[in-house]
Every structure is written in structure tokens, then in C-alpha cells.
Amino acid sequence: LDMGHMVNAIAQIDEFVNLGANSIETDVSFDDSANPEYTYHGVPCDCGRTCTKWEYFNEFLKGLRKATTPGDSKYHEKLVLVVFDLKTSSLYDNQASDAGKKLAKSLLQNYWNNGNNGGRAYIVLSIPNLAHYKLITGFKETLTSEGHPELMDKVGYDFSGNDEIGDVAKTYKKAGVTGHVWQSDGITNCLLRGLDRVRKAVANRDSSNGYINKVYYWTVDKRATTRDALDAGVDGIMTNYPDVIADVLNESAYKAKFRIASYDDNPWETFKN
């Protein structure tokens, strides 16, 4: 996946997909009552980016739905997966379940159109804090109680705090998650981070008893770092410049081994060479 980073205004969906992204990441901020409120990052953010673009969350979902509904004038066939970077650190730990419930209601209504020809993209719920794992259970319970448990087929998970791989595995056990796991690793583009933990995540993904299905690395803006990440075997790279990732994927060394994922690829299935 060529993942566009920090896509928080509806107009940016077109912008990033047109540069080559087949996936986007969107920040979600919550109000004091754990309602998803804005798609907003705020200051500070990645070097070279405007930190303050925003929409109301439900309005963003409607724009995203149009971009991922075949036949809509705004439809992008290429856009197959969306990562919601859930900014839950503003919440108390005991609000995580409520945040999940409210998130599910918002998505059901505004993105999935109550199960009636809604947006088709796969969704990854990315949570920054292992203590907030009940967001997942709250989300699942709500889709089930609202009569749409089948939509969970479209939902995956990520814990984005660069925690020990073993601790993440234990947390998924507590949350009752047995698949659909993306593991992120990374740091803001203003700083450098090695690939040690990415390699551990890839090893877990490729082992017979690992919990990880896919690994992505963030935020990569340079060709050299893109090559290093691909050499380490990642499934996705998050970037401020999707055209840079697309260019590297076109280099002869990588063209033979990697391709841009399409909607027919299963994002929850570990790729076997």
C-alpha cells in the first residue's frame, strides 16, 4: 500500500490519490464525551505539512463514502483502505469503549450508509494506547447490536504506539481479536528511526504462530528510506509524498517483487511468497 499521510480535508482525498496513494490515513479527534468530532491533527505535525486542515468527522465520512462508492462522480477505484488514526490520548482509559461505540455509529450512518451500498474501502482502526483496547470491543458490540455484524469483515486493527510486539499480542488476546491485524511502526518525518522493530514485526508476520497479518512503516518521504523499508519486507509505507513511493515501486529492482494493491487483494491475509 502507498499510504497518504494526514488526509484530513475532503479535498485532500483527490489530491493524494491522484499522486498515487491507494490508501489514506486520517486523524480523528474526540470531544470530552468520547464522540469522534473532527478529522484534525493539530500542531505540531510532520515537517513540511500544514497541521490544521480539518473537517467535521461525519462530513469527512460522507466525502470518503463518495470517493469509495462505485458509480459516484467522486469515485476512486484505486482507494482501497483507510486508516483512522484515533487520537484517544485526550480521553480517560475508561472512555475507550464509549469511543468505539460512538465511532461505530458514525461510520455505520455516514460511511456505510446503514449497510445500504455505502463506501467499500477497508477500514483500519489505529489506536495509540494499548490500554484503550476496549475501543475495539465497543465498536464490534455496536455494529452487532445495530444489526450489521457483517461489516466487521471490512475492519482491521493497529496499535500505533511502537510497543513491544509481545505486549501488543497480549492486548489483542484481551480484545478477542484473532485476525485483521496491521502492525505499524514509525516516527514523524522530522526524526529518524531505524528498522529494527519493523524487522521484528515482519518476522512475527511470517512466522507460523504470529499475530500480525501486515506491517506498515511511517512516515517515509525519501527514496532511500522507501527502498530500505521495501527491502525489510513491509506491506505498506505511509508518506507525505505518494508519488515518491510510486516512483520507487516502478524501479526495476522492486517492480518484480512488489505491486500496488487493488480491491481484489485481501488486506487481512498474510502474503506468502
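Placed from the backbone N, Cα and C atoms, the Cβ positions cover glycine too.
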Cysteine from Cys45, Cys47 that Swiss-Prot links to Cys51 by a disulfide bond:
Cys45
Swiss-Prot records Glu25, Asp27 as Mg(2+)-binding residues. Which of Asp2, Asp46, Asp72, Asp85 is assigned to the same site?
Asp85
Provide, as an integer number of angstrom, the distance between the C-alpha atoms of Asp27 (Mg(2+) binding site) and His41 (active site, nucleophile).
6
Reported as an integer number of Å, what is the Cα distance between Cys190 (disulfide bond) and His41 (active site, nucleophile)?
16
For Cys51 (disulfide bond), the one of Glu25, His41, Asp85, Asn250 that lies nearest, given that the recorded positions are compared by Cα:
His41
Helix, strand or coil at Cys45 (disulfide bond), per DSSP?
coil
